[in-house]
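Okay, structure first, notes after.
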Amino acid sequence: MPALQRRKRIGVCVNDKKKRKLNFHVFEELCKSRGYDVTDVDLSLPLSNQGPFDLIIHKLSDLLVEAGQDLKSHYLVQRLQVYLDTHPYTILLDPLPALHTLLDRFQSYHLLRSLESRNNGICSVFSPPCVELVSKHCDIVSLVRAHLTFPIICKTQIAHGPRSHQMSLIFNEGGLNEVTPPCLLQSFINHNATLYKVFVVGSEHFVVRRPSLRNFPLGETDEKTIFFNSHEVSKAESCSHLSQVSHCHTSKWTKQLSPHSANCPTILDVQ
């Protein structure tokens with residue numbers, strides 16, 4: 001008799017809180033009904049004793065950020081990488097190199113700029129001008145004058161964790177005194193309070209519409225810096241005054257858009 005074919009095994013490296021938020025039990029039941037074994041992955045134990053895995057689904061953003069500073073977290077990530085290196089047919093969703101890029105806004109910006117340059121000036125990919133601030137010792141005002149236009153949005157370098165959602169919208173040079181490096185300064189582009197979050201899996205992509213910051217007058221003004229949490233503005237359930245569009249101003253301000261686009265641009269959040 002021919003040997004029975006081994007059932008495919010899916011490893012899950014997601015904490016209980018995230019599982020509950022994602023209703024992950026529905027996905028697990030669906031996989032099991034289609035003939036896949038689903039099992040939790042414990043990075044504190046040798047993975048070779050838990051596998052073999054055909055696919056590992058994970059949510060390790062916290063661990064990857066901590067790995068740069070914490071030795072234990074570093075070893076856990078390294079254990080996963082060693083397993084992947086010795087089991088090249090195991091698919092990891094998402095790949096670690098891609099996550100490292102997305103978790104660092106400096107790296108993400110360089111990736112977008114490289115995609116922009118590949119199109120020989122054709123604006124299918126457009127990233128607003130940015131300035132990377134590594135320390136307070138640089139001349140922030142001179143950098144902004146040379147490369148950016150007001151208003152300016154300020155984001156932390158690390159794109160994960162509670163602090164990463166703390167952002168500010170700066171309207172004048174005086175507001176630059178409140179900037180704390182390492183961070184990224186970016187010219188704010190009016191986009192009618194709408195962004196589109198893009199999820200990509202292989203050749204498939206899924207788009208979700210989210211609220212965002214409303215339009216603001218372009219150019220330096222005396223308005224005070226606005227500090228906000230992006231979760232309170234751009235989550236699906238968000239209802240913030242910062243995303244409430246004033247129609248009497250929308251048409252006037254969108255006419256002041258960057259020369260890169262004749263119409264109000266689409267703001268994408270790619271994951």
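Cβ atoms here come from the backbone N, Cα and C positions, even for glycine.
The structure displayed is predicted, hence computed values, not measured ones.
Annotated features in TrEMBL:
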type    : residues                  : note
DOMAIN  : 10-98                     : domain 'Inositol-tetrakisphosphate 1-kinase N-terminal'
BINDING : K18, K59, H165, K197      : 1D-myo-inositol 1,3,4-trisphosphate binding site
BINDING : R105, K155, 186-197, S212 : ATP binding site
DOMAIN  : 125-245                   : domain 'Inositol 1,3,4-trisphosphate 5/6-kinase ATP-grasp'
Distance from T194 (ATP binding site) back to K18 (1D-myo-inositol 1,3,4-trisphosphate binding site), taken between C-alpha atoms, in Å: 26
K197 (1D-myo-inositol 1,3,4-trisphosphate binding site) versus N190 (ATP binding site) - Cα distance in angstrom: 17
DSSP residue counts for the domain 'Inositol-tetrakisphosphate 1-kinase N-terminal' (10-98), split into helix, strand and coil: 46 helix, 15 strand, 28 coil
The domain 'Inositol 1,3,4-trisphosphate 5/6-kinase ATP-grasp' (125-245), counted residue by residue under DSSP: helix, strand, coil: 26 helix, 40 strand, 55 coil
Integer Cα-Cα distance in angstrom, F188 (ATP binding site) to H165 (1D-myo-inositol 1,3,4-trisphosphate binding site): 16
Residue pair T194 (ATP binding site), H165 (1D-myo-inositol 1,3,4-trisphosphate binding site) - Cα distance, angstrom, rounded: 17
Nearest of the binding-site residues (R105, Q186, N192, Y196, S212) to K59 (1D-myo-inositol 1,3,4-trisphosphate binding site) - Cα to Cα: R105
Most distant Cα pair in Å, residues K18, K59, H165, K197 binding 1D-myo-inositol 1,3,4-trisphosphate: 19
Distance [Cα-Cα, Å, rounded] between H165 (1D-myo-inositol 1,3,4-trisphosphate binding site) and S212 (ATP binding site): 13
